[in-house]
Amino acid sequence: MTRPHPVRRRRLPVLRQFRADMWKASWKSLMGHKVRLLLSALSVVLGIAFLSGALTFTGMLSNTFAAITQGTIADVSVGVKGTQSIDSVVTPDYTKNHLTNADIDRIRGVAGVESASGQITQMNTVYLLGTNNKVVGMAGPPSIASNFTTEPAMNHKPGIEVRSGQAPTTDDEVAVDPSSLERSGYHLGDTVKLLANGQTITKKLVGTAAWGSGGSAGAAYVFFDDVTASQLLMGGAPGYMQAAVTVKAGSDVDAVTKAVAAAVPDGFEAVPGHQVADQLKTALDQAMDFVNIFLGVFAAISLVVACFLIVNTFSMLVAQRSRELALYRALGASRGQVAWSVIFEALLTGLVGGVIGVGLGAFLAYGIGEAVTAAGMDMVSSVPMPSWQNALLSVVIAVVVTVVAAWFPSRRASRVPPIAAMTGEVTSGEGGLGRRTLVGTIMLVVGIAGIWSGVTLKVSKNMWLLGGGAFLVLIAVTLMSPVIGRPLIWVMGRAYRLLFGETGKLAELNAIRLPRRTAATASALMIGITLVSTLSILGASASTSTEHSVRDSLRGDFVISSLNYGPLPASLFDEVKSTQGVASVHRARTAATTINGARARVIGYPTSDFNKIQAQSMVTGTMGDALGEVIVSQAYADEQKLQVGSTLESVDAATMAPLKLTVTGIFTTPKGGGFGSINANLATVAALGNRDRDSQLSVDAAPGASHQSVQDALDSATSDNPLIVVQNQQEYAKAQSAQIDQMLTTVYALLGLAVVIAVLGIVNTLALSVVERTREIGLLRAVGMKRGQLRLMITLESVIIAVLGAVLGLVMGLGFGVALQHVLVDQGLSILSIPWGRLGIFLAVSVVVGVLAAVVPARRATKLNMLDAISSE
């Protein structure tokens, strides 16, 4: 008799085996622990809010800049050859290169042209002075002066629009943008003061206007009639810098562009507006990509820190629900079903956190938009509307991060034996630390070797060695923190016992009872403190190195410059030279040009002033007086493989023809100092576009003269121009290093979110720990522990966690910072400066963080009913 083949039951995929009752059980578990869900989701919410807010805000910035550019681009733009690209940095000599009224009329007669207007525009030449005699809008964006035209922008969109009053039509009238008017203190009809080419002039304010239909993004606009604009912005040349052409509807823009190009004078070119728009869009996208990446890095750091909170939360969840999960196993649930029940909760947590984070990110973007608008950078719209792509990306990242973080706790949950449901004995403790200590030790050794190699080996990729080593050390310390942290906890425990007696002893024992949990909670804060302390050392070293190198390289006793890095008044040199107590004055001029096709900055001064403005020494050759002769730094010569006699290709600003430059010398400067890579005599700088505009004056005080008296006299001589600043060596050096401090302040603020999430992790761990130890707390209260002692015990536990994270972070940050400074010596960080005071503040703040994090859990613990707590399981 043939036996029938046994029927094989196909094992369905885990997700299809997930029965409805398991879904319901997971849902009930979530709803039964709303506080746990809230704390877990909150860390995700904050990280995603940062990410989504950054993406939304940069979208608002893009819209603002797009509205401005749409108002400035015509259907066809006519200008000097080589200046119509946004990459162009050459400033033509408009006294010799300009369009006349006859040229504009000839363009208007081209077939397909509807209208054409001459344009004159210049940045950082004219400034509106407020009623307080200070420049309006000096926060960073430029001041743009222009003649007023009614020519529409590309595709007949608004060009310059009058917002109130009227346009300027005579040489005694002016219009400004609405934001500048609001900040200036003036009203329409007032006589206002303007700073033009270093001289104060007065005009009647007749209206407000702006480019396009949006805001100005912080830029200040000043509009004149044609004659006034040519006098102030073109040196009085009778004409225009360029022309804006509007094409008739239905005409082919490219065909009209070719016809216009044939009608313009030699040396000018016509470019279709869509070509300029594409270049501007590419440049804007690149700028916004940088902002997104910059902010995205900090959002990623916050989400990594949030992972520690999520892992801890779900690990404790599994420990607390181990008997419940064992009961599921006893009732027939598979390992996969139990694991997916935890994953399901994580998925919902991530989904809820992601959605709320996107909404909170919109409010964050709105707040930033309002703040920058209040600071003078008016946005095209303050309504934050995240794109669906950004919203979807943020939610997906939230879900993925949460699910990945919950994966290991879910695996632990699947291993709960069914017999535990019947015996009631479930092991919720932690396993041994041998394996992770071994892995951590190996990673630590390899990481330290990488850092050492990056510091000591002179190889091109030493930063990669250093960065990789630092990453391995960070991971290794995270893995080994349960072991590494024991000595610190022991030391704090001894102090606790002396200061707080048995309460302190209990706090210590609770901290070391579950070392993995304590270390994981501390690791979140450790990462934030590591990054902050590393940047503090880098910032302090950069500031100190910059200050010392500037002081060492400056030759003059005083430096006179412009707040906006613009040109100084032409008459200032003689005024300073005649000031009492001044022995000599040395001028420096800057020309922006192209060298061998790349953007470059050439600094010019009289050949007799070599080594009199900045510390310099000639390695080989000399500095020549002839047109086209330049000297280059040793670093630039090595990079470009140049030697005395080598030639460079540039552009003559007067003719826009190629200009050959000859290297006559190679010089060196102290590290971090010097005057750029390319220096030239004044004749060569004039040919490159800067004929008579000094960018900086170096002043030597007379022997025996009081430096304070000389500086007071210089301040008095320049008091009529609010843009000019006089600084002694120390003030100038500090001003350079202050820029680094401002950048660090921004980075600290961005890293603050990671620290906030780490604090939430401590709150969450302690809160869940209170729930986990309900019966224990009840017994302690029953044997005489007072509410105040209970509150103190939990607070001391919190402080242990916070200090453990801070100390580990400070030690690693100190090591990383010192290593980075050594690697960056050749980039100017020549002096190691460790801000011990600031690092001490970080440690003190961690203690405060520990105390604050314990407030809610301690309060909850003291409110537990003693009898109910004792009877709980």
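Heads up, the Cβ atoms here are built off N, Cα and C, so glycines get one too.
Taken from TrEMBL, the feature domain 'MacB-like periplasmic core' applies to 38-262, 518-716. Per TrEMBL, domain 'ABC3 transporter permease C-terminal' is recorded for 297-418, 750-865. Here TrEMBL flags 293-318, 338-368, 388-408, 438-457, 463-484, 519-540, 747-771, 792-816, 836-856 as transmembrane segment.
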Selected stretch (most C-beta pairs under 8 A with the transmembrane segment (747-771)) from 338-368, 388-408, 519-540, 792-816:
519-540
Secondary structure composition of the domain 'ABC3 transporter permease C-terminal' (750-865) [DSSP: H/G/I, E/B, coil]
98 helix, 0 strand, 18 coil
Contacting positions for the transmembrane segment (463-484) when only residues 6+ beyond its ends and CB under 8 Å are counted
433, 436-437, 439-444, 446-455, 457, 515-516, 518-520, 522-523, 526-527, 530, 804, 808, 812, 815-816, 819-820, 823
Among 338-368, 438-457, 519-540, 792-816, 836-856, the stretch with the most Cβ pairs under 8 Å to the transmembrane segment (388-408) is 338-368
Quick test of the contact rule: Cβ under 8 Å, at least six residues beyond the ends. What residues does that give for the transmembrane segment (519-540)?
301, 304-305, 308-309, 311-312, 315, 474, 477-478, 481-482, 485, 740-741, 743-744, 747-748, 751, 754-755, 757-759, 761-762, 765, 801-802, 804-806, 808-810, 812-814, 816-818, 820-821, 824, 829, 832-835, 838-839, 842, 846, 849
For the domain 'ABC3 transporter permease C-terminal' (750-865), the mean pLDDT of the predicted model:
86
DSSP puts the residues of the domain 'ABC3 transporter permease C-terminal' (297-418) at 99 helix, 0 strand, 23 coil
